[in-house]
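*Asks:* One structure is given below, represented as structure tokens, and several questions about it will come after.
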Amino acid sequence: MEKLEKDAFRVAVDFPVIEIEARDTGIVTRRVRLEPYLIGHKLKPLKNTIDSEKEGKKYLVFHPDKVQEDETKQKIVEMMKRELGDEKTLKWETLSKDLTFENWDTKSIFKAVLPEGIEYSSYTQTGHIIHCNFADEVLPFRHLIAEVLLNKVSNCKTVVQKGNIITNVYRNLDLELLAGEENYVTEIKETGLRFKMDFSKVYWNSRLSHEHERVSGLFNNQSIVYDACCGIGPFVLPATLKKKPRRVMANDLNPESVKWLKVNVGLNKIKEDRIEIHNMDAKLFIKEKIANDVIRMMKEESTSEAEEKPESQIHVVMNLPAYAVNFLPAFRGVLRGFESKEISRKWKWNVYCYLFAKSHVDVPDDWYESEARRMCDEKTKWETSLVVKCHNVRTVSSRKEMFCAQLELPYEFLIAEPLPEEPEAPLEPEEEAVEPRCKKMKTT
């Protein structure tokens, strides 16, 4: 099929059924193990139990492929009588139903319309938008697949294909509209918070929801949180609402991300003064905004005569995995030149640097974490490794893993001689996961 034809899915089917008293439905469905034989949930809205033409009666609807043998039918009747009593009259009947496109599940439809050997099942939904990535062999069928998804996935109004490679610093991609309306402003909920965005102009990945929750869960009410590549707020908004940090500052180079972050601050009823927002290069944000902000607070606390406060910690999030590792040199010497005698409180610095570890050949699984650590060490150039933890976030593609490297920066590093400025590193293309041909090969 090259174009979706719903009428092609209409078929008359004879279903084996048993009529029971409506009041016995609960007993049968709870106590009798009929799940392997019933039609299940793949033929919605047709259900396992439906009303009979007779008042006070129900039909149990069985899958015709699973109860063909007389022996199987007799076994089912015996199972039911053990719970309902031998005096119950249970007999097999046939119920004819016309199945249409609406009855079939997405997997069954794809199996019917795609050529043998070609499968498709993976997509991401963000609000009313479904985002697809296709392997080469599936690409010619993308419009057909999109029409199926538009008709079968609840709340879907738009189906798009993104390019597989992110090549710009804003991390947005050209979209190809495959089906539905050309409306890219959408809203989703994640961990109870509302996020509104123009999907065509900002970066959002629903697969990172657990990572957003993991990192924001590391903060507390004494945390000082800086997000250098904040996007539309998936880290800073839950952190602000749920952990109530002492200080939150967010930054992104993409003006569209900053625009929608401000919208989301309002949507989630967060006071504007709780998050200070900037639109600038992350390296300058670290060297200027973070440095000056930390020094100001350390001086205030050092000269304050107030009672001793719980120890604060600084947390800097850098979720730009194709480039963030290049921001690490900006931390070396970031506090150099400030009079340390004015400062009695020197807080612990935690940096969460997202990056990709990539190989061009098959390697052992533990190679990827070692490579992530090496990449960080190469940029910090300190006598010991500053990486204290390397969390594997997700597999991006074959031979490419995404990590969150957590670094602890000692005060000596923050006041050390800054590293010489290096030429601007090129942005590494960031691959969006596509429907894989095979899983990553494991080696030992």
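Quick reminder: no glycine exception, Cβ is built from N, Cα and C everywhere.
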*Asks:* Examine the ranges 31-53, 422-444 and name the one recorded by TrEMBL as region 'Disordered'.
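*Replies:* Checked against TrEMBL: region 'Disordered' maps to 422-444.
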*Asks:* For the domain 'SAM-dependent methyltransferase TRM5/TYW2-type' (123-411), what's the mean pLDDT in this predicted model?
*Replies:* 92
*Asks:* Mind computing the max CA-CA distance among H212, D252, L253, D281, A282, N319, which the record assigns to S-adenosyl-L-methionine binding, rounded to whole Å?
*Replies:* 22
*Asks:* Would you pick out, from the binding-site residues L253, A282, the residue whose Cβ has the largest number of other Cβ atoms within 10 Å?
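*Replies:* Comparing the binding-site residues L253, A282, the most crowded Cβ belongs to A282.
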